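What TrEMBL annotates here:
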ACT_SITE  CYS257  active site, nucleophile
ACT_SITE  HIS343  active site
ACT_SITE  GLU345  active site
BINDING   SER51, GLY229, GLY231, LEU258, GLN261, ASN299, GLY301, PHE302  L-glutamine binding site
DOMAIN    7-137  domain 'Carbamoyl-phosphate synthase small subunit N-terminal'
REGION    1-180  region 'CPSase'
Amino acid sequence: MINYIKLPAVLLLEDGTVYHGKAAGKIGTTTGEICFNTGMTGYQEVFTDPSYFGQIMVTTNAHIGNYGVTSEEVESSDIKIAGLVCKNFNIAFSRKMSEQSIQDYFQEQNVVGISDVDTRSLVRHIRDKGAMNAIISSEILDIDELKRKLAEVPSMDGLELSSQVSTKEPYYYGKEDAQHRIAVLDLGVKKNILRNFDHRDVYAKVFPAKTSFEEMEKWAPDGYFISNGPGDPSAMPYAIETVKKVLEADKPLFGICLGHQLLALANDIRTEKMFNGHRGLNHPVKNVVLDHCEVTSQNHGFGVIADDVRNSDKVEITHVNLNDNSIEGIRVKDKKAFSVQYHPESSPGPHDSRYLFDQFVDMM
Ligand SMILES: NC(=O)CC[C@H](N)C(=O)O
């Protein structure tokens, strides 16, 4: 094993709280909105999920890196989190299929992290104080200098980020002779969503975030999928417009997470920044149509305003969160359009909600 000397590193939160720890990954400085994920496994899938772009991740599992990384377990081409805060950053790993250590992986992809932080106390702090920005550095240890840098970081509220992670050119996924074909509006789509479609004999053409409905319609898809992704949904008028056009044309539509928020916005339901988002693998959700419970994988910092949904004459509620009663799923009345706030492709996470992909296929 390489002899790895852990250099000091600092984490500074927007409210002035300081945590001292050790450098993990690349030596450097990084900023973003701090958030925590309570999942016990699946760190590589989480780190490569484009929905986390611009966010510093705190992992509540005490060990990160202990089973290494592989080129298989990615949700996009590279690491998308802005930085990592963890307890133990394990450079030694044990798993036959692993190809690399987490340290080499982070270093190769220029990702800065901090370990040896009391993440239990940090998570309780964020839980009580709410979402805020943060800076990690293993090169600048002067707090005043870090404060100046942190003051320049924009708030996640009002930030459009999808166009930074979306594909630049359209591409195809799946088998060309499949039974159905869908247009995927890529706002930061996770690979496992495309895999789930492929497994159900659905061929996808994945379009850049700012593609118009008319452009996608030229390919004559059977349905439209509006993907997950980073940033504030209300800062995406271009995508809201596209969703409105899909609805006007009465095409089948399925939205996940950011896609759910955009379907709500297209129906005059507002979204809001949550005090703390939902990020983990064990969030209980009730399907109020089928009267059953699902344990779900979640990752969102914005939500649809529940009163707007309840007062809406355009949509109805299909799913609610059993922890906080927030709205987890809607369908548009008299249309073939529905969406969920959580992640039925669940990578990582339980597979309880995969039936939603079948529901969409049946709609087409
Ligand atoms: N996973 C997602 O699509 C996240 C949606 C949105 N960026 C949010 O944080 O709420």
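Any Cβ shown, glycine's included, is placed from N, Cα and C.
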Distance, HIS343 (active site) to GLY229 (L-glutamine binding site) (CA atoms, angstrom): 11
Other CB atoms within 10 A, centred on the residue listed as 'active site, nucleophile': 28
Output field, L-glutamine shell: CB within 8 Å of site CB centroid, site SER51, GLY229, GLY231, LEU258, GLN261, ASN299, GLY301, PHE302 dropped: GLY188, ASN228, PRO230, ASP232, PRO233, CYS257, HIS300
In sequence order, those recorded positions of GLY229, CYS257, GLU345 whose CB lies under 6 Å from ligand 1: GLY229, CYS257
Fewest Cβ neighbours within 10 Å, where candidates are the binding-site residues GLY229, GLY231, GLY301: GLY301
Sparsest-packed among the binding-site residues, when each Cβ's other Cβ atoms within 10 Å are tallied, from SER51, GLN261, ASN299: ASN299
Number of other Cβ atoms within 10 Å of the Cβ of PHE302 (L-glutamine binding site) across all protein chains: 19
Residue among the recorded positions LEU258, HIS343, GLU345 whose Cβ has the most other Cβ atoms within 10 Å: LEU258
Between CYS257 (active site, nucleophile) and GLU345 (active site): CA-CA distance (Å): 11
Distance [Cα-Cα, Å, rounded] between PHE302 (L-glutamine binding site) and CYS257 (active site, nucleophile): 9
For the domain 'Carbamoyl-phosphate synthase small subunit N-terminal' (7-137), mean pLDDT (0 to 100): 97
Rounded distance in angstrom between the Cα atoms of GLY231 (L-glutamine binding site) and HIS343 (active site): 16
Length of the line joining the Cα atoms of GLN261 (L-glutamine binding site) and HIS343 (active site), in Å: 13
L-glutamine binding residues SER51, GLY229, GLY231, LEU258, GLN261, ASN299, GLY301, PHE302: largest Cα-Cα distance, in Å and rounded to whole number: 13
